[in-house]
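Visitor: Mind having a look at this structure? Questions to follow.
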């Protein structure tokens, strides 16, 4: 029996961390770096790290936990935002590359079963629902973003269902009518049993825990593991692979099932264990299985598979997207965004290799295909969305609207009163009396700590278009804006920065894609005093020529040592928007501002 190798596990974890961190820094998914570092340090190239039995077991567990997490991330409410277009994109982006992939392998002499595995792998789409690229390209509030998210979720689900059927038939071997009925019957029974457990029994069990006053997140985390491995075993008993059971377990362990006070903590813990620890080990070890010999022995097949994967995904998506009525250009853009492959594709390929359905060369080709296609996504999506922008065809959606303001004070109330003429304004504040004051002035106000996700959720952070943090504490403002951006995907984030804040705070703004409210460092206490003593003059100034930035406008006053508070920009159409750093003033617009006496 092989001894437990701590040094081997240490080296794999170190490699996974380094590769994932580097890929993330460059704007790519961590999985890309983990695969590449596994290829470089593993037997394929340098041979610095060997694959031990210990690491293999952890990697297998990592697959199950990763599939649970993927299931947990799927919110069917998101699918409703672009269900028809997303469904068309998913079907076209799966069926066309699936068919081309199957034909390619059989044309090169492969078996039909291996061709099916390759077909699924090239048909899969990998796009995290909170992908960084959507943030970087400012696509979060566009129709394309919702179509991409819906398409990716539907595509992954479709791929897993087909995969489960193929695995069932592969295990049986020669199929006759009786065998076919047996496989189908076991699969149907599996779905009925898991649906009954997930929909009926699980909520009752968790409801009992809640009534009993059980609030330990550790207990709930353990329960998730029990459910996950239980569903995985049920899938195995039904003749399907354990990853389908794990995926279904994740679907049933959704928001609303757990008590609110533990749901976020349990979700974060599960993310850390699965994505932060076990799954990276699997992807590094997947790199160990890659053979560089394919560049000599099967270079033509490698090139054809990559071409088929990209061409089939983009063209297939664009063709099937036409009935949506959104145009072929948007279809090509969606296809470009769905062109990446990732976790699900590598897992399916790995299982095919383990079962002996595909050989090491085919597995290696699929890994290189995943790396290449994923690498091209940022470039293709940036080019195609810029193309749509220039043509005025990048459609914004109305699913998000309104402002969420952190901090109730005279300054934020003045801003809110200007903004409420066009949009809904919601406040958050830790001071109960101030929250009541905002309510009396006609605003919705949530009392609580904005650094807690449940408070932001209660304040409808997932629905607002803009988050503005306006407390006297720059650190709190930055942290709250970061949560709003990363957890709730708020597209626009404006932060109040105090004059004594050092350069580090400003650097964080770039990291979280936020800008400063009022386009300058702002002394909140000073202006509260100015407002309460009415030591100011309010005025509107017409913009007579276009100015490069709002910051340049503010500097004109600073050069004359004038103390101002620019509040809103009044557009030519009369609409108002907050005065903030990342904006441009257009001729004919007006700036409404206060000037200290």
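Heads up, the Cβ atoms here are built off N, Cα and C, so glycines get one too.
What TrEMBL records for this protein is below:
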type	residues	note
DOMAIN	14-383	domain 'Cation/H+ exchanger transmembrane'
DOMAIN	403-514	domain 'RCK N-terminal'
TRANSMEM	6-24	transmembrane segment
TRANSMEM	31-49	transmembrane segment
TRANSMEM	55-72	transmembrane segment
TRANSMEM	84-108	transmembrane segment
TRANSMEM	114-133	transmembrane segment
TRANSMEM	145-167	transmembrane segment
TRANSMEM	187-208	transmembrane segment
TRANSMEM	220-253	transmembrane segment
TRANSMEM	273-292	transmembrane segment
TRANSMEM	299-322	transmembrane segment
TRANSMEM	362-381	transmembrane segment
Visitor: Excluding the flanking five residues on each side, which residues at least 6 beyond the ends of the transmembrane segment (31-49) place their CB within less than 8 Å of a CB in that stretch?
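Guide: Here the qualifying positions are 8, 11-12, 15-16, 18-24, 280, 283-288, 290-292, 342-343, 346, 367, 370-371, 374-375.
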Visitor: Name the range, of those listed as 84-108, 145-167, 187-208, 220-253, 273-292, that has the largest tally of Cβ pairs under 8 Å with the transmembrane segment (6-24).
Guide: 273-292
Visitor: So what's the mean pLDDT when you look at the domain 'RCK N-terminal' (403-514)?
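Guide: Mean pLDDT across the domain 'RCK N-terminal' (403-514) comes out at 87.
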Visitor: Counting only residues 6+ away from its ends, which parts of the chain sit with a Cβ under 8 Å from the transmembrane segment (187-208)?
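Guide: 164-165, 168, 227, 231, 234-235, 237-240, 245, 248-249, 251-253, 257-259.
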Visitor: Could you tell me whether the transmembrane segment (273-292) and the transmembrane segment (84-108) are in contact, taking contact to mean 3+ Cβ pairs under 8 Å with a sequence separation of 6 or more?
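Guide: As far as Cβ distances go (cut-off 8 Å, pairs 6 or more apart), the transmembrane segment (84-108) and the transmembrane segment (273-292) do not touch.
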Visitor: Does the transmembrane segment (299-322) come close to the transmembrane segment (55-72), meaning at least 3 CB pairs under 8 Å for residues 6 or more apart?
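Guide: Answer no, regions not in contact.
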Visitor: Going along the chain, which residues at least six beyond the ends of the transmembrane segment (299-322) come within the CB cut-off of under 8 Å?
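Guide: Counting only partners 6 or more residues beyond its ends, the transmembrane segment (299-322) has Cβ contacts under 8 Å with 85, 88-89, 91-101, 104, 108, 118, 122-123, 125, 151, 328, 330-332, 334-336, 338-339, 341, 365-366, 368-369, 372-373, 376.
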Visitor: Should anything in the same chain at least six residues away from the transmembrane segment (273-292) have a Cβ under 8 Å from its Cβ atoms, list it; otherwise answer none.
Guide: 9, 12-13, 15-17, 19-20, 30-31, 34-45, 49, 51, 55-56, 58-63, 65-66, 68-69, 343, 346-347, 349-350, 353, 360-361, 363-364, 367-368
